[in-house]
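What follows is one structure encoded as structure tokens, with my remarks underneath.
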Amino acid sequence: MELSTAKPRKMSRFVVLSLLFLLGLCHISVGMTMKSNFIIHMAKSQMPEGFEDHTHWYDSSLRSVSGSAEMLYVYNNAVHGFAARLTAEEAESLQNQPGILSVLPEMKYELHTTRTPSFLGLDVSADYFPESNAMGDVIVGVLDTGVWPESKSFDDNGFGPIPASWKGECESGTNFTSKNCNRKLIGARYFAKGYESTLGPIDVSKESKSPRDDDGHGTHTSTTAAGSVVQGASLLGYASGNARGMATHARVAVYKVCWVGGCFSSDILAGLDKAIDDNVNVLSLSLGGGNSDYYRDSIAIGAFAAMEKGILVSCSAGNAGPSPYSLSNVAPWITTVGAGTLDRDFPAYVSLGNGKNFSGVSLYKGDSSLSKMLPFVYAGNASNMTNGNLCMTGTLIPEEVKGKIVLCDRGINPRVQKGSVVKAAGGAGMVLANTAANGDELIADAHLIPATSVGQTTGEAIKKYLTSDPNPTATIIFEGTKVGIKPSPVVAAFSSRGPNSITQEILKPDIIAPGVNILAGWTGAAGPTGLVEDDRRVEFNIISGTSMSCPHVSGLAALLKGARPDWSPAAIRSALMTTAYTVYKKGGALQDVVTGKPSTPFDHGAGHVDPVAALNPGLVYDLKADDYLNFLCALNYTSIQINSVARRPFSCETSKKFSVADLNYPSFAVVFPEQMTASSGSGSSSIKHTRTLTNVGPAGTYKVNVISPSNSVKVVVEPETLAFTRMNEQKSYTVTFTAPSMPSTENVYARIEWSDGKHVVSSPVAISWT
């Protein structure tokens, strides 16, 4: 890779950082000036006189620094500004132009890659959600890899006319026409200018330059959120039954922003921009990337604009768990969703030659079991490579694995690819063993070879057998689908965890929902493993990730929007959070699959979603746009930084004292600085939070109850009683947290519950020291 031969000059820090970013993102040609994509945020209110339209001003600003710069998008809703392809020097020059708030480099995001309605109680509780015309007027927008419109989950039988509020369209492109949309799938668009300008033209022989989904991820998420009911659905006979989305009567609008090479921020912003203009009611984004300050985060900025228009934005928390501080999409105006398990499993047992059996899971479809005991070998002993244990391409010695079952360790390459590698080397089957990174969490896959996945503990026991027996043998027995698995749900190991790395005083994730082994619609262009060599085609697939839990909440938000059309996005999120559960029906705290112990608010947020309870929460914590802007003031954001988020001038009142603790959030993250507690002369230190509750139910008197297993932090709520006499009445309270002067070495968790005897309005509390 070579840089331009232009004369060297002293570069600013801005240019250096931009060049470093570009080196990892773009290919560079000899003799050419290196360019990449930037998103330019404009102060629209500062448009000079003489320009009839803001787009003319944007173009003039761009031309002032480059006569050849390419404008990719003009944004009108998600942000005010445009995306353009520039050199780092041009970007720096543009930053200094009047009316320019910021010039941000293109960022690459990644995807966070049935029984669910029954598990959530929706099948027996349909009467709680009125099937009115209002439900058919709710539109769920999904930003993802597109859509497979032929899926039965988009059947529009029984749907009325498209809502009059809809302003979108169905775009044509490769293998896709406007006729692919109907009264269920009412819109489909695609955005690829950022992707193509960075990685080159789309190869239409490999992916469709249209809304069509060649990957499967987008079809899976959109049908999870709002797919129609499909009878007799299954994946290769597994999880058979009726498949349905959370909001079966809602409409779907798809915005394809993710491609083979990833999801680029300029395209994501363009999708958000159009979705807002199209008048969707809920936005679902199962994607994310590295965290950055809110004024530099394209998803956070676009989500703020959506929130102002009354659109709830639900995003996946990420699949980087169980590491702490691993969350994505943590802005307080975004609903951040982690993942839990269902009560369904797909057992496949490993039977060893010593007579011992170990449980695993698999979605392999073939013989019900291997016909006999076969030789068993550890991949690390059948390879000349140091990483041979991982069963990566080309690492296995065919002579050592032919006709044998191979034990592979999980990690680095995809789980299903390991089975393909074993098959290519002549192996007869595979046992895939978790390592410490995944613990005993089990995720089922539709392997191309007889295979099962086992947990770390089981894997270690099997390895002991392999090393101790001179002639180890094994077989795999597949037992189909089992339901009623206990305990369930448990927090998935991959689900990203808090604390919030951007603002630790905002507790994230907000909530967890089903995200493990989820059955939903699939593309007809790829097999269930997604591998090139997988020529099987299925209508439904079972996959896992916070990508799957996010659309569950998006669909549930659509249900609430249909039933309570006057509720704000914050009110809907509050209802979902304050009615979530953290205790199993028969007792015992929600568990973390990694530890086998109770999960914490940094793992599950407010708890596991309970949609029926959310319909009637009693009270909600509501928020408006200005409340979030005051929150940004509390973070000491400059007026330019706030303008980048708000898309309008906003100044923090100099006479007002702003506090993050005053944001009316449905949860509490209390952070004691160590120096604060250590230097306190009174032997203790206190932090006060203020909250306001809005009555959305009948009149009632609510009493508070603080549930805390620890006495190390004193929690005092004032007043202890709140009386509501009418709908939409508001009452405020304060919570004072008092900690001893010696900092705790462990986090402290609690819950604050308000109850009138019929409703329980519950908020998680996480207390930490930094």
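Just so it is clear, glycine is given a Cβ too, placed from its N, Cα and C backbone atoms.
According to TrEMBL, the domain 'Inhibitor I9' annotation covers 38-112. Look at TrEMBL and you will find 137-585 tagged as domain 'Peptidase S8/S53'. Residues or ranges marked as active site, charge relay system by TrEMBL: D144, H217, S547. The region 'Disordered' annotation in TrEMBL covers 202-224. The compositional bias 'Basic and acidic residues' annotation in TrEMBL covers 204-218. Taken from TrEMBL, the feature domain 'PA' covers 389-462. What TrEMBL records for 662-767 is domain 'Subtilisin-like protease fibronectin type-III'.
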What is the Cβ neighbour count of D144 (active site, charge relay system) at a 10 Å cut-off, with all protein chains included?
27
Highest Cβ count within 10 Å among the active-site residues H217, S547: which residue is it?
S547
Predicted model, mean pLDDT over the domain 'PA' (389-462):
94
Expressed to the nearest Å, what is the distance separating S547 (active site, charge relay system) and H217 (active site, charge relay system) at their Cα atoms?
8
Number of helical, extended and coil residues in the domain 'Inhibitor I9' (38-112), per DSSP
21 helix, 27 strand, 27 coil
What whole-number Å value do you get for the CA-CA distance of D144 (active site, charge relay system) and H217 (active site, charge relay system)?
7
Let's see if you can do this one: DSSP helix, strand and coil counts over the domain 'PA' (389-462), in that order.
23 helix, 16 strand, 35 coil
When DSSP states are grouped into helix, strand and coil, how many residues of the domain 'Subtilisin-like protease fibronectin type-III' (662-767) land in each?
7 helix, 61 strand, 38 coil
